[in-house]
């Protein structure tokens, strides 16, 4: 009876086309701020529940009926019940006695909070069990998360089955699920067809309700809120031991055996010890367990031990059938879902690792997690929507939490339908068709998609080329580059910049040499070798990463007090004025016509997206949106570039004539100033035409158009370079925020993130150096931690693995400066007298130790 889950095979092309029609209509409704299609909000008026079949359970139970002041989202002191944001909750008013084999009739309206899953009963349904109890409605707790199993489970409705047979003469099951109603509504078919069960109209209207002030931007904020909060749900999955009798593996090493799969420690792992492509994990499931989710914990830093493709089989004995085939994102550190939404018990589930990254021979898995239907999927937790959780989302503040909860439920339904067809739309869909364009308009919703990461990985893998047969060797003079950075006017052609030295060094030496295509596998993590003139380094990756960091700093300097040494980007007006948001950002220079180099910048961005390296470019969302193909708007995006101008035009639009003439007189002409301080005419001869009061609307539109398109050609060149390296389908699947993060890394370097990425070697757990190290990093600012990260790894953003060893001189020195080797991302940590001294030495090294002397080898070439 359940509809196809994400990634499931749809029953027919008719069903696929119907869902695409639905998505197009829903996308238009979302963009326009209209209610979503009614089929998406379907709630059956009647659902039957019975006691869960548990031989050890009681033969009857008393089900308390709770009453609230209307449906709400809070739990009061009276007990675990749905409630409202105002007024006290009432305690349980009565109880329904339910014996094994008997049923209780409820509506299909559900609510989930911290106490569990609730279903609603109408006055008529209550009367069947309690007579005239005086309640207008009541709520039953179907299951609690802590109970480990559902007390009540839904069943088919015999009355509905009988009525359908009498009415249509066909033995149809009633359509009770919203997915089926969507298919019935939007899929064209001949002949008789099932009919949906009677809808609970009041619940449908509550789901469809859109507040008068609600906009598409509110939906986007709600999606980001869910993305930020639901990302942690997999951390709370039940222990595998609840559902599995035993776990067998194909092979294992003595130190990293099968117990590491269930120890809830991401630092340990099971490692195989066998033949290539012959690795498996076999789960013997406990009787009655139905898998809702099966997740594997993987880590991209395992390199060629990381699984790349997993196939899951299930069944009984040796009669196993293929259930799923999953490609894993090679950049992932965390959980990947390899099986979900099973409807029957599978005695045996076998996870076969058919391919590892870079054709690795053995595999590492850091954990297995299971969510079972014995512990029913409760759904979205209404407790999320408390005012304290909404502070970062001003558009959502002030909206009734009940409204936010229902809207979120509806958006999750939309995402589920989108997931079921996404692999049909990307990458094979014709981009010229209107339907695809409409779905792209709601790209931010892809954040919640479960299918997208696998599709992105597949598109990148299918378009990658083999690694180059040789590694380019570049000779870089950073002393000249630093002199140029200090005074760019002495070198107008920017020949001494690291950027130019690398660009020229990578040019093919003759017509037979192919230029780099940057589409190599992610494992190929050093694109060229650097020889820094007059610096001690043998480049095994650290010098290369340093060259990328130097180019990033030249393109978009991190300090507002230094000149911009290259002509490709200029500071935003916000940075120059010290006003508005995003005061450290840059935009492409409208005057720079060197499109070949812009295209190369785009290629470097694509290479960073494909690999593990970063090109840190401080560009506002206004630019990233254009690169990823998302729409930009004046009111939403341009304040990050020039907030003063946006405000000025807004005020000008509402001015009366007297104020306008007093403010501008005859001085305002049809011209505007671009980000590079170039004055351009908005109309032919505009510099000599005064803007009158009646012309102001036209003037405003012309200014907005000119500024929005000021760097259109430069962005187009960058995008052309990006698309030479990354398929269009990948840009279609990534939001602009994700594109920025994949190219530039995560600007927030938190201590928690560093803890996950740091490995201490040859240290005792009680060693004071470990304690002092973390105390020091806790006292660092984000900028300090970013500088420290670059000192150790050559990267200034996460993720980047760090290996820490004791100082080479051991106990002979105290309070010395730390040393690092960026090629191996290694820090050599000395002894310190206190955490304060440790903090001072680490900070000094992070800001002052630029040359990479510890990479010098005694064997010179």
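Glycine is no exception: its Cβ is also placed from the backbone N, Cα and C atoms.
As recorded in Swiss-Prot:
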{"type": "MOD_RES", "residues": "2", "note": "N-acetylalanine"}
{"type": "MOD_RES", "residues": "12", "note": "phosphoserine"}
{"type": "DOMAIN", "residues": "219-397", "note": "domain 'DOC'"}
{"type": "DOMAIN", "residues": "512-857", "note": "domain 'HECT'"}
{"type": "ACT_SITE", "residues": "823", "note": "active site, glycyl thioester intermediate"}
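Taking only the Cα positions, the spacing between residue 823 (active site, glycyl thioester intermediate) and the residue listed as 'phosphoserine' is 53 angstrom. In this view, the residue listed as 'active site, glycyl thioester intermediate' is surrounded by 21 other Cβ atoms within 10 Å of its Cβ, with every protein chain counted. The Cβ neighbour count for the residue listed as 'phosphoserine', using a 10 Å radius and every protein chain shown, is 11.
Summarising model confidence by region, the domain 'HECT' (512-857) averages a pLDDT of 88.
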